[in-house]
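For reference, the structure discussed in these notes is given below.
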Amino acid sequence: LGSVVAYFTSAKFLLYLGHALSTWGDRMWHFAVSVFLVELYGNSLLLTAVYGLVVAGSVLLLGALIGDWVDKNSRLKVAQTSLIVQNSSVILCGVILMIIFLFKTQLLTLYHGWLLTLCYILVITIANIANLASTATAITIQRDWIVVVAGEDRSKLADMNATIRRIDQLTNILAPMAVGQIMTFGSPMIGCGFISGWNLMSMCVEYLLLWKVYQKTPTLARKAAKVEASELKQLNVKKESDVKPAEGVQLIIEKDVSGFEPQQEKEVGCAARIAEPFITFRDGWVAYYNQPVFLAGMGLAFLYMTVLGFDCITTGYAYTQGLSGSVLSLLMGASAVTGIMGTVAFTWLRRKCGLIRTGLISGVAQFACLILCAISVFMPGSPMDLTVSPFADISARLFENEPLPTIASPEPEMIFATGMPNLLNGSIAPADSNPEMSPEPVPLISVSLLFAGVIAARVGLWSFDLTVTQLLQENVIESERGIINGVQNSMNYLLDLLHFIMVILAPNPEAFGLLVLISVSFVAMGHIMYFRFAQKSLGKQLFVCHTPDPKAAPDSSPPGNTSTV
């Protein structure tokens, strides 16, 4: 009984609990805001698309600056500030949306509708601030706090990373379903009120949990000194022979951040203050490029350039192929199960083969499953026809003054979680829902193979994601964790943005097969980058699988590792 009580009061469990509350609120909000924007703008995806573009662009541009801010301030201050900003922004957004839902008719008539437009801009801006704060929270908790709480035990760090991912997988499914039911049986306004109330309560509990974790882990109060840019450059370009591989996750330079003394008391000019963010942006990307795990991080980022996931693009395509919302909900549940299996596989493989080889095995498993997706392009039922112009339907509708079709839902969970098909234009309804327009059923061989590959590949995907995450945790020096992980987030968003641009250039179902082949190619390139990283790190020992010491795990630190200074 004593051990059970000790576990439930440990810093590790409190960190899990805080992350679960934070992730639950995040998933509810990200799902609901897309539904709200569609509902407000006459069942159009325009506002949702603008919101997605603003979020991606902001993290892409500001990721390094956010990471630099995380590095320069004490852990508790960063965690508390980002928590308060994130939750306060969501609460404020919820209140504004409630006002819009209540007084939309009146707002339309005031100032020729410009006041309503201003409200839309305000909602998207504040929601974007909430997302940036969420990014800061993810960097500081998942990339820094968790490393310190785990101490020098890398097996404990791997288990904690896997548990965090399992929490993510469960909340990805359950949170949208919960808020979707509230919105379905209540109203969007009730949904806004519920989310605002949840975030207010969650903010107080999370604040208390952070303080408890901070008290139970004294090393969180000590943080590595921020190294100057010139020193970072020297560290990053050190020869492999000058640096020994790390023997464990360790604190680099023990200093209390709160006790930092400014090295320069000189007056900073206006021009220097203006240039500082740009210099930080440049230095962050240069430092990222010079990291020993650069190729591994790039390999992970390339996996974001894909339509082979349960996002709005693939969901819309599935609808054109005749899959119903209930079938998609089951497929999504299966993908969550295989994702959790991936976290289990990660911890087992790491114990048996070491961290770097786990990434190799995971990459091979993911790519092998995605071969099914490539094969599906050429199977019966595949609509691929590259002779069809991607914009033929759009241009025809423009000339005939017909409304443009909505080809995808803003969130995949919306279809089964909210039960609100009225939000979607009928042009993406399943083929069997309108027999007059689709007299012949579409063969399901192609789409079945597609989703079989996508679902099976998630075992390798999540195992690979955990591998790269831990490589970044172990091999980036403490004073650079924030900025390096900020740049990694920016790189992920950049490739994600490119995949949406790719869909914009080829939006019709006939071109989706080409998008699948391009996606498989980018996944292959990502794993080739990781293979090159592994080859440089392990050399001739690359294919020699052995059971490593869980604490030393020498093969998880590549030559040239700068985590021991």
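The backbone N, Cα and C atoms fix where each Cβ goes, glycine too.
According to TrEMBL, the transmembrane segment annotation covers 44-70, 82-103, 109-133, 293-319, 325-348, 360-379, 442-461, 482-505, 511-531.
Residues 22, 25, 29, 33, 36, 40, 116, 119, 122-123, 126-127, 129-130, 133-134, 136-137, 140, 187-189, 192-193, 195-196, 199-200, 202-203, 206-207, 210 of the same chain lie 6 or more positions beyond the ends of the transmembrane segment (82-103) yet place their CB under 8 Å from a CB of it. Between the transmembrane segment (442-461) and the stretches 109-133, 293-319, 325-348, 511-531, Cβ pairs under 8 Å are most numerous for 325-348. Listed by sequence, the residues of this chain that lie at least six past the ends of the transmembrane segment (360-379) yet keep a Cβ under 8 A from its Cβ atoms are 299, 308, 342, 345-346, 349, 353, 445-450, 452-454, 456-457, 459-461, 463-464, 467, 513, 516-517, 519-520, 523-524, 526-527, 530-531, 534, 542.
Comparing 109-133, 293-319, 325-348 for CB pairs under 8 angstroms to the transmembrane segment (511-531), the maximum falls on 293-319. Proximity of distant same-chain residues to the transmembrane segment (109-133), defined by a Cβ-Cβ separation under 8 Å and at least 6 residues beyond the stretch ends, is recorded for 29, 33, 37, 40-41, 47, 50-51, 54-55, 58-59, 62, 66, 82-83, 85-86, 89-90, 92-93, 96-97, 99-100.
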